[in-house]
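What TrEMBL records for 68-86, 98-119, 146-168, 228-246, 253-272, 300-321, 333-354, 456-482, 494-513, 525-546, 566-592, 612-637 is transmembrane segment. TrEMBL lists Gly74, Val77, Asn81, Asn339, Leu468, Ser472 with the feature Na(+) binding site. Annotated region 'Disordered' per TrEMBL: 676-739, in sequence order.
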Amino acid sequence: MPKNSKVTQREQSHEHVTESVADLLANEELLDYKSSSLTVGAASEKKVPQIEVPENDGRPAWNSKLQYILAQVGFSVGLGNVWRFPYLCQKNGGGAYLVPYFILLLIIGIPLFFLELAVGQKIRRGSIGVWNYVCPRLGGIGMSSLMVCGFVGLYYNVIIGWSIFYFFQSFQYPLPWSDCPIRKNGSLAIVEPECEKSSATTYFWYRQTLNTTSTIAESGGLNVKMTLSLLVAWIIVCLAVIKGIASSGKVMYFSSLFPYVVLFCFLVRGLMLKGSVDGIAHMFTPKLEKMLEPQVWREAATQVFFALGLGFGGVIAFSSYNKIDNNCHFDAVLVSFINFFTSILATLVVFAVLGFKANIMNEKCVSENAEKILGYLNSNVLSHDLIPPHVNFSRLTTSDYAELYGVIKTVKEDGFARLGLDPCLLEDELNKAVQGTGLAFIAFTEAMTHFPASPFWSVMFFFMLINLGLGSMIGTMTGITTPVLDAYKVQKELLTVCCCIVAFFCGLLFVQRSGNYFVTMFDDYSAGLPLTVVVILENISVSWVYGAKRFMQDLEDMLGFRPSILYFYLWKYVSPLCLIVLISTTVIEMAISPPGYNAWVEELAQEQFQSYPPWALVMCFALIAVAMLPLPLVFIARQFNLMSDGSNKLAVSYRKTMMKDMSSLEDQDEARSILGAKPGEAPSSAAARRPFLTPGSNKPLDPNSLSPNICYGTGYQNAAISPTTPSTPPTPATPESDS
């Protein structure tokens, strides 16, 4: 602050008080806060107040820019890129889906990703600390973000545990899910009926891996194999997080880059397989009419939202370890496009392999139906005259079968349904939408059984899934531990171990025999709506509470250049509007869609949709409520001064309120009136320091027991000091509200 800044004084009980904004900030320095300083220009300079955070605050830092980029890529590129994005492409018009996705990536994804990177890098705190600084009343944003991270981490690591189990099972030849098991019944050996009704890979997943129950209400006890796999997963995550960003950054070189090596290997191998081109062509054939459906745009927005990891706190936590002048705008664009092209690469791989699988299944269908037709010919149900002369049953092609099927259907129109013949269309196989665990643990594993050297490809695939999952889990755990470490003086190792132990025991819910259904529940309800609310409040707190113009100025000071004016309008108007629409459609869909899950019915050997029982419905909505509960609680508590602001310094929102008009006031009487002085009083010749006093007390306030005031960010109390009678007890004056 310039030394010639104006000072005001007022008279209380015939005692003179000297106070100014400089005094307040000087006293803040005396309390030795680990905080930023506020610099305000003189009135004539009309400068906007800025937050200056010192870089030499002892905070750990990335060893290199590459480590940081790989960490952000590892966090944002996860399992959803492999098994969620391809499914959405297939469901929503193939290549046509890429158009709304790319548009929404530009107007929602990149701006909000840039916003999170910028606030984390500028304020150098985790999610809780960042939003306490920006606006204490909205400090619940960080707490809700932490809650969502906790919920997601609980079940996400279970998926990593499943991948670990399949990884170790892959070191066998033949693969254990290649064939159905044989059951001995006396002297007879029969195929397991449940497996015969479904498939070998489906049976291995539901019965030998999960040993799942038929309903969510039937616990079935712990699955020992999955419990051990979950324990291994949490040990790996714990060790990676304990090592800190310096060591885990090195881990990112492998965990972030290895999945790309595997994807490229699978793409090259997949393109060499019969039918792979059919799968890719089917995938990217655009169905343009789909672009007019609102559902397609809603699902594209949701995928953009979750693909970048917005709202989890991991993005903010990672960026908080950057240098203050790091070009986070470049990082936001780079990571967003890497994420997008990773999704495209994964889609090519998935549909190349699924095209191969569809071709295998189509040939199997043709072979089975050809045997049926031969049986009908031998029993004279069908006449030999129906068979075209060029059709050879020993080498029946799919095109020949299609012709034969058409002829029989035309001639036997009345009794055709009784023949039980299938059309065996490749398109039907490719249209079977598969996502999530069904894609990774059933469809993909089945395709790999037909690969030459199938164990090698299976090991590579599941090792890739483990690495993708660990990259996201490290970011998720960092989003949990960083805010806590910023707020409390605890050992990182102790905090991480305690978090992982608690998470492991909570995760036992998901390794029961019914655990797969709880994974589905948490995936559907714990993150979707709460995370969308968190991000829109992040957007509003920066663009409206703090101010988009002021934020743009901060970015210019931090980056050395002013970002495009488009960001101003995207942050202030476009992104909030899109997020409000997304929240509205999500709530509407939840209201009209019956809450339920797909249960595996052993007798039928297939999945059936079942509604949640009443206690499970309560649990579903409790997940949403608990995740969002910090938002109103923190707002109310800080509105009525029932809770500290958690920032250990003047909050940004208060600094903005306190200083926003001071640089533009021409009338000094008005300025003195705002500061509490009587108009016309002359400023004192020197600024005097004031001790912090507790309300109604003449004892200086202990800095360690400072009770923050929500209106001012730090709960200081103005106190009068008599320059002539030091022994006279000063009279405290409570600051006026900024509301």
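Each Cβ is built from the backbone N, Cα and C atoms, and glycine gets one as well.
By the Cβ criterion (distance under 8 Å, sequence gap of 6 or more), the transmembrane segment (333-354) is counted as touching the transmembrane segment (68-86), at least 3 such pairs being found. Among the listed stretches 146-168, 228-246, 300-321, 525-546, 566-592, the one sharing the most Cβ pairs under 8 Å with the transmembrane segment (98-119) is 300-321. Non-local neighbours of the transmembrane segment (300-321) in the same chain are 59-62, 68, 71-72, 75-76, 78, 80-81, 84-85, 88, 92, 97, 100-101, 104-105, 108-109, 112-113, 116-121, 123-127, 130, 142, 145-146, 148-149, 152, 245, 328, 331, 335-336, 339, 343, 472, 475-476, 478-480, 482-483, 527-528, 531-532, 534-535, 538, 578, 582, 586; each lies 6+ residues outside the stretch with a CB under 8 Å from one of its CB atoms.
Non-local neighbours of the transmembrane segment (68-86) in the same chain are 62, 159, 245, 248-249, 252-253, 255-257, 259, 283, 303, 306-309, 314-315, 318-319, 321-322, 331, 334-335, 338-339, 342-343, 346-347, 350-351, 435-437, 439-440, 465, 468-472, 474-476; each lies 6+ residues outside the stretch with a CB under 8 Å from one of its CB atoms.
DSSP assigns Gly74 (Na(+) binding site) to a helical segment in the three-state reduction. Considering only the binding-site residues Asn81, Ser472, the Cβ with the fewest other Cβ atoms within 10 Å is that of Asn81.
One way to see the shell of the Na(+) site is to take the Cβ centroid of Gly74, Val77, Asn81, Asn339, Leu468, Ser472; the remaining same-chain residues with a Cβ within 8 Å of it are Val73, Phe75, Ser76, Gly78, Leu79, Gly80, Ser256, Pro259, Thr342, Gly471. Residue density at Leu468 (Na(+) binding site): 29 other Cβ atoms are found within 10 A of its Cβ, drawing on all protein chains shown. Contact counts against the transmembrane segment (146-168), taken as Cβ pairs under 8 Å, peak for 494-513 among the stretches 253-272, 494-513, 525-546. Counting every protein chain shown, the Cβ of Gly74 (Na(+) binding site) has 29 other Cβ atoms within 10 Å. Sequence-distant contacts of the transmembrane segment (612-637) (same chain, six or more residues past either end, CB-CB distance under 8 Å): 137-141, 143-144, 147-148, 151, 216-217, 521-522, 524-527, 529-530, 533, 537, 595-597, 643.
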